[in-house]
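One structure is given here, and the rest of the page talks about it.
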Amino acid sequence: MSSVKVYKALAFSLRTSEIASDKSISHRCAMFAMLADGTSQITNFLRAEDTMNSLKIVKNLGATIDDDGETIKISSDGIKESSEVLDCGNSGTGMRLFCGLLSSADGHFVLSGDEYLRRRPMKRITAPLRDIGAKLDGRENGDLAPLSIRGASLKAFNYESKIASAQVKSAMILAALRADGECSFSEPELSRDHTERMLKGMGAEIEVEGLITKIKPMKKLLSPLKIRVPADPSSAFFFAVAAAITPNSNVVLEGVTLNPTRIEAFKALERMGADIRYEATENIYEPIGNIHVKYAPLKAITVEDNISWLIDELPALSIAFACADGVSIVKNAQELRVKESDRISTVVNGLKACGIEVDEVHDGYSVKGGVLKEAKIDSHGDHRIAMSFIIAGVTCGMRVDDIACINTSFPNFFELLKKITKVEFTSL
C-alpha cells in the first residue's frame, strides 16, 4: 500500500489541458463501437485502469483494436463468446453497461471485478433485465458479481425506475436496441445522458421527452464513432475546489465536457460564492469548453436536487463545505453508500478527523464550516475519497493512505497536483 503526504499550497495560477479524459464517455466509446458498421476512431481515450479494462473486454468479445498511442480504432463484426472471464476491475459502470450490451448477445459470458466491485449491488440491473427475458445470474440471487449471462431474446418494455441512475438507464437502453419492439424507460429525475446523446448521434432511434426515454430497436448497425473524448468534469472538479479554497488562486480547466448533467457540482460551487465562468468552444455529441475558477469566500448551501448529476463530486464538494461559512447540508444522497466505499461514512469520518463538525444521517450529512487541520486519512480503496482529502491538504497539509486506487480514473493526478503544491510518497 502506498501513501502520500501533501503540503499546504501557496496561492497558485494554473491553466491546464491535461485533466484526465472523461471516464463515462471513454467506457461508452469502447462498448458502442461494438454496435457500429465500420471502424470507430477515438482520440484522447482515458488510459486509466477502469476504461482500459473495458477496452480489453471489447477485444475479448471479438473486436479488432488498433491503438497507435494517440488514436484507438475499433471495428467489430458482432459480439463473440469469450473463453475469458470479463474483468471489469473496479468499474461499476463497466459491469452494469456490459450487462445490458450482452443480455441479447449470442453466447455465454461471465463478468467479474476486484474485491470492491464484487461487493457492490447489481440487482438494480439484473432484476429489470431478467424481467424482459435476460438470462442473468450471480451471487445472492444476482445481486453480487461474478455475474453469468446467457444471451437471450428480449421483450419490449416500459420500465419505471425507482432511482435516477445513468448506469441503470444505459443498461436498459442497450438492451432495448435489440428488444422485440419499441421500449420506454422513465426515471424519477433526469440522470446523466451521455448514452442517449452518443447513440442518437450514431443513428439510434432514441427520443427523450422529459423523464421518459423512448427507444426503437436497431434496424441496422449504427454509424461508427469519430470522437475526441473531452476532459472529465468529475476529475477537473478536484482542481476547481483547490482553487476555490486557496486564497488568491485560480485555475482554467480546458476541453471539459459542459454537458449540463455533468457540471452540477460546478454550479453548486458557484452557489457557494466561487467565481466560475464557462467558455464553450465546440460541440461533439455534447458541448465542450473551458471552465475558469477563481477563489472567493464560500458560504454554506443545501444540496438536495439533481443529486445524480453530482453524486461523484460530492466528496470533493464536501471539502469546500468544510471551508465555507455556515452549515452545508446534503440530502437524498443515499446512493453514496453503495459506491466504491460507503462515501457518506468515509466523508463524515474523514472530515471529523480533520477537525470539522459533521452529522451523519441515512441519506446524507451536514458539515459546519471551520478550519481544516492535518490528519491521516484512509481512502478505503476509493479513488474519489483519496483525491478529495488530498485536495483538502492544499489548505493544511494531509496524509492519505492507499492511493493506488487513483489510477482507476485519473492516472496523471499527481503530475498536475505537483504544479500547485509539494507532495511526498511513501510505501507502507
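Numbers run from 1 along the shown chain.
Any Cβ shown, glycine's included, is placed from N, Cα and C.
If you look up Swiss-Prot, you'll see Asp312 marked as active site, proton acceptor. Per Swiss-Prot, the feature phosphoenolpyruvate binding site maps to Lys23, Gly92, Arg120, Gln167, Arg343, Arg384; the stated evidence is sequence analysis. For Lys23, Ser24, Arg28, Ser165, Gln167, Asp312, Lys339, the entry in Swiss-Prot reads 3-phosphoshikimate binding site, with the evidence type sequence analysis.
Features as recorded by Swiss-Prot, highlighted on the structure.
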residue	record	contacts (Cβ under 8 Å, 6+ apart)
Ser24	3-phosphoshikimate binding site	Thr93, Ala166, Arg192, His194, Asp232, Arg262
Arg28	3-phosphoshikimate binding site	Leu97, Ser170, His194, Thr195, Met198
Gly92	phosphoenolpyruvate binding site	Leu117, Arg120, Gln167, Lys339, Glu340
Ser165	3-phosphoshikimate binding site	Arg124, Glu187, Ser191, Ser308, Glu335
Asp312	active site, proton acceptor	Ser234, Arg384
Arg343	phosphoenolpyruvate binding site	Leu314, Pro315, Leu336, Arg337, Asp382, Arg384, Ile385
The record names Lys23, Gly92, Arg120, Gln167, Arg343, Arg384 as the residues that bind phosphoenolpyruvate; what is their largest Cα to Cα distance in Å?
19
Hey, what's the Cβ neighbour count for Arg120 (phosphoenolpyruvate binding site) at 10 Å?
18
Going by DSSP, is Arg343 (phosphoenolpyruvate binding site) part of a helix, a strand, or coil?
helix
Of all the binding-site residues here, Lys23, Lys339, Arg384, which one's CB has the most other CB atoms within 10 A?
Arg384
Near Gln167 (phosphoenolpyruvate binding site), how many other Cβ atoms are within 10 Å of its Cβ?
23
